[in-house]
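Asks: I have a structure I would like to understand better, so I am pasting it below and will then ask my questions one at a time.
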Amino acid sequence: MVFEEKMILNGEPEDEEEEEEEDMVDPLDTVRDKCAQAEHCIHTRAKLEDCESRVGSKSETAEDCTEELFDFLHARDHCVAHKVFHSVK
């Protein structure tokens, strides 16, 4: 009887910790998504998307969208910096 119980426990380990980790959501990702929808971020994201479409439509160009990307990330991270620590316990 003891052997059967060991087989059952060894066959299917019950790790509740793994299940809890799957359900956890990073609060930083949540705040980043919300901030990306803010008015200033929408403006900089539109500039980034315009640049990406312009560069993507050309077959050969030296232009890249680094400046627009940095502007968007700066605007988003500025918003995140003010909100992220309110959601951390």
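Placed from the backbone N, Cα and C atoms, the Cβ positions cover glycine too.
Below are the features I grabbed from TrEMBL:
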COMPBIAS  12-23  compositional bias 'Acidic residues'
DISULFID  CYS35-CYS79  disulfide bond
DISULFID  CYS51-CYS65  disulfide bond
DOMAIN    26-89  domain 'Ubiquinol-cytochrome C reductase hinge'
REGION    1-23  region 'Disordered'
Asks: Just the number: how many Å between the Cα atoms of CYS35 (disulfide bond) and CYS51 (disulfide bond)?
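Replies: For CYS35 (disulfide bond) versus CYS51 (disulfide bond), the Cα atoms are 21 Å apart.
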Asks: Give me the long-range Cβ neighbours of CYS79 (disulfide bond): same chain, 6+ apart, Cβ under 8 Å, in sequence order.
Replies: CYS35, ALA38, HIS40, CYS41
Asks: With DSSP as the yardstick, break the domain 'Ubiquinol-cytochrome C reductase hinge' (26-89) down into helix, strand and coil residue counts.
Replies: 51 helix, 0 strand, 13 coil
Asks: Give me the non-local Cβ neighbours of CYS51 (disulfide bond): same chain, 6+ apart in sequence, Cβ-Cβ under 8 Å, ordered along the sequence.
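Replies: Same-chain residues close to CYS51 (disulfide bond) (Cβ under 8 Å, separated by 6 or more) are GLU63, CYS65, GLU68.
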Asks: When you measure from the Cβ of CYS65 (disulfide bond), how many other Cβ atoms are you left with inside 10 Å?
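Replies: There are 19 of them.
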